[in-house]
């Protein structure tokens, strides 16, 4: 099964691809001030000397900057994709050209090749794992338990991955420490809200050439990603409808001024649907049947299970690609529903998609980098760990410095006041 | 010192005052669907039969609805104000007319009378306390420790109060359980963001007759209250500047599109300043000196310590009231700074102020009511307790029902999926 | 019928009233930089020496600043109200104390006294009229045509007044020149959008103590005022529904992201209704019957004819004041509808109302002042005249100077480019 | 010079290109309900039978739908591009495949070929011209005055074109009637505000993979396009700075809450610059020198003269393409400025750009189509003509019908009221 080879060995014309990939990485690094500051520190301190890092991430330019930053800190890095459609082959090749980096990621591979590449990374016997969806952690626990003793820990990037790791931890099945990078303020507030929000919408706009002004956008789920999509869609003058299963989030959306409806009612009103729940079967046959002709369906959640494409196929008389990244399902009634990017993460898997904006990845990956540094220096118990607050705060401070943003300091009197309880009215 | 008497005994003309107060309370109750639903339940179940509740709250119409709801649940209630300027005397009198409620709250009393009223409430030997700023908890611990054994617990409404209670708890000095009502999602997201945001700004607008469009509003602090003020001010077309001491909050404000500056720089740019930090000395002499002629200064934090009025007085050649609720300080340079509501909570203490909007108080007080019910039925350890999540969720569900807002339910397959960790890509 | 006397002769205690009124006027003037700059110019140039100005305006602080500015320019001014509920008596008295100003305005007078006051102003034989709703123009044309020959012209402040003047002009019935001050960019964009928007909403908030977050606000009419109300309501996190009769305005609202519905459907969805159409019978019996219990009805249009109160009275089993400025109509079904400020302009006629914010009135009245100056110096033909663009622009420049806002100048090359048509691609 | 040939004769592989172009056109037409409704009417009525239409437009999918709609109305149509970089060759070929359409448009041609193609279109002796930038009108007046007698009239799409036509008209040099399509409410409010706003920003986002959240965006010019860019950028959580030369527009931007600065000051603050002025030399050497390293420069105005690229080249030590559509200019100081899409219209000329969103083009082209219909049926005098209001309104009504949006009708009493002037207060 481990027949995967580094991308450079498999694909022709690595030279020009390397150049194109290198250009993409350089552009990203220019706009990632946190990574630049950390790289400078890491090159001097070599905190990861001797470590082997195994990564399963969306292999595009910003991830490459993280990868190179970890390599610059002294680590050997092996990387593959975490989604068959999100790899940029040229970036993968440019990474693979690096002495201490091996990249197995290739766009559009089938399931067998996808898992073979994960195996190949594991073949490097990583001491630290960096995951975006916990595929690496799962494969090690399932198939390579012998490696666990030598693993210092891991980092998990996504809401979905953290959710599943916590379930695994609750079952007593997680055998090494993993930082829930997704749950840090620096990640959740910026990456999920601004990153997913902006990039999902611009990917939809650029895939369809449609406008949001006056459109009714149904956002399924009002977690951080859903909040971002809803906020940015409203900022483009869409009429936003939110669906939820949690009463407080539903109420929060309502108090924000959005319309809140069950999906069965939203289905009849929406022009565009964006799922962000992290759950499966959010839009199903009963909803497809209520939608208008020409409705657009997109997913901004991690897995491609939110829109029930099997159910849609069952309803469809025919399907065809009407535009790159747009699959039209024509129901027997003649009604046509348009699915973007095969129901995969639209901001990564659409043909025009570039993934999250560079700056928000800078913040997420800043947290990743300091977490990897932390794992190499400090022993943690097995299980899911919150990222230590001072690490998250360190990243925020680096960013403020880079942006030239000054803030106030607490005076001693103020610090004392905040800690006291014996003041009167 | 306990010479305080119920308000009805002290003030003439209680009849017409009661009518005016009753009208205010009725209006509020009409717009508090959560309280109406809970009152119906409480009248039937009498969960507080035999309890004595001591309250120190802003005594206005919505608090009165809470007070009556607790009385309807079978409790004896004694109440006083938590701020000398926030009491509505007519509401106080209408409450005091209730058989099982005694109100000591009176607007504009001096410090001595203020604390005497708290003493008077404590004289009822409460078994449960409900605080807005922890004055009741503090007075009991300081002066009436003998009561602690018979106290089931307390509820604290404010950010500031919870902050101080946690400090007290950390010192090992908190001897009965207190629910941090402020920290619940239902309270923080709605009351602080929407309640403080909307009411602080409309109080400023109606005190000054000035517009926010095109104004530069400096919001000190970007916690929940600050977020609300900033968001609503931007929604009125103000240009918003945020000051912070926390790097992540500063970054959050920056990513929202606000200008982030240290107060020393913001001082020279702002037309209106609103403090929301919960800390002291946020605007001081060095800032006053940089401000423009005509600048407005308001506080939306709990205590009147955020704007350093002593420092301002020292700088001022003269002061006068230029408008009800607006004190002008004329510096020796001729520059005039206008302080609203004496630097007290502007949405409560300004002459026109009505406090938080009714509906957001409905949500906060819904949590208060179910917390009091919880304390009467379940024993908790001394210390600050988070409100049990199911109580908070119960209040959200009551509200959604009342608004007629439907949401989706998780299917069994979805619940199972959210709890699983063994699914592939 | 002309038995009206100046307010000072009719009302006791003018001394303290004058002080209170003077304080209000001084506060306003401090926040009206355009009026301050013009007054300085007018005091020197005396452009209105010898003119008699008759005004029918909302007599509150900002109007008083305009009135005093015109007096400072050398004119004799007589003024009365343009709405029986919008006069501030103390401001009226403070104005009347001025040597060259006579004020007849008094709050709450009946129709007879209202029209008698207009007659009294006309008794001063004005050479220039300044109207807010064209009552003065109408009364002169109807009852005092002998004055028309000596009238240089007039200024009209409102959308409604200009609309009616144009109808009169089309009928050939307008016999002296009137500037359509309402139609200038400086007036329409700022006064109507920001002024009406902010003040109508804060008046509703402060009259009801209710929040806009999560409320459904139905805005009837999407002209400048409606746009302002809709925009500011959305900025307070309301869900906005717009009703219209014009297809392009309806489409404009739709493209903004608002829900657009016929009133018959909006009636069943709204929590708060705000009429801004300038037309009559916008909300009628068929709509009242579809509304929910507790619905709030407010008008932000010039006249009190937009909500059909007669129709509502016919449906009502009883009515009572449930709160200052809120009249409850209880229908026979038990459903209660709440009408604010008797269906009059809510931002002027509600008990707490302060009228438009000071700064936006500064811009409107800046245009008024330069228009009055223009009429005294230049002869215009009878009919409705657009305000000369350079006058409007002059006011904008004064304001930018006052705010310290720098803008760019066109270079000669740029001016030439903008005027040329022979450049290639 | 007229050596231009139809695109199909010049380029290989027209078959697959036609298919790709046809797919793009079909997608667009599906989302252009106004064009679909008009085509249905035109196919029946054949209002353009016998006319020859000459077009110089951005040749992409939505323009193709307009072109085919005019052909369906019975006209012979010849078309070429109005910008060398905005043509989609596949769409051009698909159009050229139509019996009564000849397309000369080809992407990336040089100046000589560009003007030759315009000549080729004129060679068809059009009776009606449709322009986007008045190149066709200019060429006919300059070089083919003999055709003018047989020309019924023209339509002009852009702000810039109308501006130049009015200048030409003022000079007495415009010899046939031209409709100022750009100036209609349906065009200006929707196309410029929403179309330019959304598409310029998504083109920038997808060209750079950068985020707008927290960025400072300098928008040069606050006309309709500038308002759209500013509003949508703020809706993506950018901090917006506006530069202007007109005091009222500057004030309008200020009252909206944006920062207003002269360009010389904005230059030092901006992360991204978007020019929308229609003028030349808006950003010049003095501004480049104040900008930060990494600044992005984009143009959303019609011509590529707003950013002074010659001046920038003079300052630059070297230039290179760092990303498709991004030219980096490295100044001798080492500072790098990034120019998008060679300073041409970024939403059309960037490699990923798709032009305006389909729906907003539907509205603009709906006006174009009814204007062409009008010219074929009614004789107009030479000169620039406003589009008759009923035509514009007709397009709005078609759109509302298509969206299923109901609005209210004026009752007879309301119509009478709006036309009356003799009602009292």
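For all residues, glycine too, the Cβ spot is worked out from N, Cα and C.
Summarising the annotation, TrEMBL assigns substrate binding site to C:132, C:157, C:187, C:191. According to TrEMBL, the feature NAD(+) binding site maps to C:158-160, C:192, C:221-228, C:244, C:279, C:300-302, C:347, C:356. Marked as compositional bias 'Basic and acidic residues' by TrEMBL: C:9-22. As annotated by TrEMBL, domain 'S-adenosyl-L-homocysteine hydrolase NAD binding' applies to C:192-353. What TrEMBL records for C:1-22 is region 'Disordered'.
In this structure the alpha carbons, written CA, of residue C:187 (substrate binding site) and residue C:158 (NAD(+) binding site) are 9 Å apart. Counting in whole angstrom, residue C:223 (NAD(+) binding site) lies 16 from residue C:157 (substrate binding site) by their C-alpha atoms. The domain 'S-adenosyl-L-homocysteine hydrolase NAD binding' (C:192-353) scores a mean pLDDT of 95 in the predicted structure. Proximity to chain D (CB-CB distance below 8 Å) holds for none of the binding-site residues C:132, C:157, C:158, C:192, C:226, C:301. Neighbouring residues of the recorded substrate site, listed in sequence order and excluding C:132, C:157, C:187, C:191, comprise C:158, C:181, C:182, C:192, C:364, C:368 (Cβ within 8 Å of the Cβ centroid). Across the residues the record lists as binding substrate (C:132, C:157, C:187, C:191), the two Cα atoms farthest apart are 13 Å from each other. Residue C:191 (substrate binding site) sits 21 Å from residue C:244 (NAD(+) binding site), taking the Cα positions as reference. The CA atom of residue C:132 (substrate binding site) is located 25 Å away from the CA atom of residue C:244 (NAD(+) binding site).
Straight-line distance linking the Cα atoms of residue C:301 (NAD(+) binding site) and residue C:157 (substrate binding site), rounded to a whole number, equals 13 Å. Neighbour density for residue C:158 (NAD(+) binding site): within 10 A of its CB lie 25 other CB atoms from the protein chains shown. It is C:244, among the binding-site residues C:157, C:191, C:244, whose Cβ has the fewest other Cβ atoms within 10 Å in the structure shown. For residue C:192 (NAD(+) binding site), the same-chain residues that are 6 or more apart in sequence and have a Cβ closer than 8 Å to its Cβ are C:159, C:182, C:223, C:224, C:225, C:227, C:228. Residue environment of residue C:132 (substrate binding site) contains 27 other Cβ atoms, counted within 10 Å of its Cβ in all protein chains.
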